[in-house]
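What TrEMBL says about this protein:
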type	residues	note
TRANSMEM	30-47	transmembrane segment
TRANSMEM	67-86	transmembrane segment
TRANSMEM	91-112	transmembrane segment
TRANSMEM	118-141	transmembrane segment
TRANSMEM	162-181	transmembrane segment
TRANSMEM	193-213	transmembrane segment
TRANSMEM	249-270	transmembrane segment
TRANSMEM	276-299	transmembrane segment
TRANSMEM	311-334	transmembrane segment
TRANSMEM	346-374	transmembrane segment
Amino acid sequence: MESVDSRDEEAPLVADSLQVLTPKNYTRDVHILSCAFLLIFLAYGAAQNLETTVNTEGNLGTISLGILYTSFTCFSLVASLVVRVLGSKNALILGTTGYWLFVAANLFPSWYTMVPASLYLGFAASIIWVGEGTYLTSAALSHASNHKLHEGTVIGSFNGEFWGMFASHQFVGNLITLAVLKDDKGGSTSGTTLLFIVFLGVITLGTILMCFLRKEEDKGEKETADASVNFYSYLVSLSKSITTLLADVRMLLIIPLFAYSGLQQAFVWAEFTKEIVTPALGVSGVGGAMAVYGAFDAICSLAAGRLTTGLPSITFIVSGGAIAQVVVFLWILINYRVTSGVLGTLYPLIMAALLGIGDGVLNTQLSALLGILFKHDTVTANPTLIRQILVW
């Protein structure tokens, strides 16, 4: 009897030890992060697409976007300090507040609401994207280490899921825009107030979802945070990191790709919607065209992520996406004219699809490429920050 009792008492200890040895699975966090970004950016992305067509008085929409991305570029220099001090999760949550405020400002668009909201969103966007890049790459490397998997494959898979879900924001958000906005006979557009209220609710849900992310326990990151409280020391450290990256031949070869990636996104968000889509489909048609763009962007992001195995596959996939976008640019430069009828409606949608294919490929593959080549510096070598700084 005593031997039986002793075995019963030892059993829970064995079970506990097995539970402790079970490696952490980070796919749950990738699902949460991807869904949260989908909710936040389906609202912001659709609002951004409408800025230049809805807030036209005094070019308020265009100037607001210019202020936003100038602010983003400036705050990018200190964003990694904020992320290191707050931690990736807290930085992600704080970053969502900028998007909420920007959409709220569109309910009462004026210079007194849009300019401050754009300035703050520049700061919020810089820290949310540094936080995203740091969190996602750290999760991928930890998952690969815990489960004895190839790092490049896991980084590609995690980036494919994230950017696939992220790209879906253009599809979902613009379908909502298409359903809510209506073109009146007088040439005005109704439903904008209801649309922005819906978007505020969606962003709030995304912020709440972000709170369920698992907090990263990284000793190296904590030590960096303590060392970075001294601002001067941080600037010196950041300058050294940037100098080291720019002296790396691999980074110099990647920079043109990031510059192009940022420029083609700026073209789609501003000029394509204003000069190609609106004349052919009207303001309400912007939502439909960008929904097509988002759908193809999402599908190609997911597919490209699954196909990523290393540098050779990245080279092949990026080349295919670039060719798809070259077709659109040549079409616009050589032979495109606004026409009526079915073809007039179809042409902008075909262009949107091809542009979405290229963007989906570039987002996924360039992020995976940096994660593979610069896995020990996930904060400074952040794909979104590099892209935006190069564009400006």
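Note that Cβ sites are derived from N, Cα and C of the backbone, with glycine treated the same way.
Keep in mind that TrEMBL annotations are predicted by a computer and have not been checked by a curator.
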Interface present between the transmembrane segment (346-374) and the transmembrane segment (162-181) (three or more C-beta pairs under 8 A): yes
Considering the transmembrane segment (118-141), which listed stretch of 249-270, 276-299, 346-374 counts the most C-beta pairs under 8 Å: 346-374
Criterion met for the transmembrane segment (346-374) and the transmembrane segment (91-112) (at least three Cβ pairs under 8 Å): no
Stretch of maximal Cβ-Cβ contact with the transmembrane segment (30-47) [cut-off: under 8 Å; candidates 91-112, 193-213, 276-299]: 193-213
Residues from the same chain, set at least six apart from the ends of the transmembrane segment (193-213), whose C-beta lies under 8 A from its own: 29, 32-33, 35-40, 42-44, 46-47, 89, 92-93, 96-97, 99-100, 103-104, 106-107, 135, 173, 176-177, 180-181
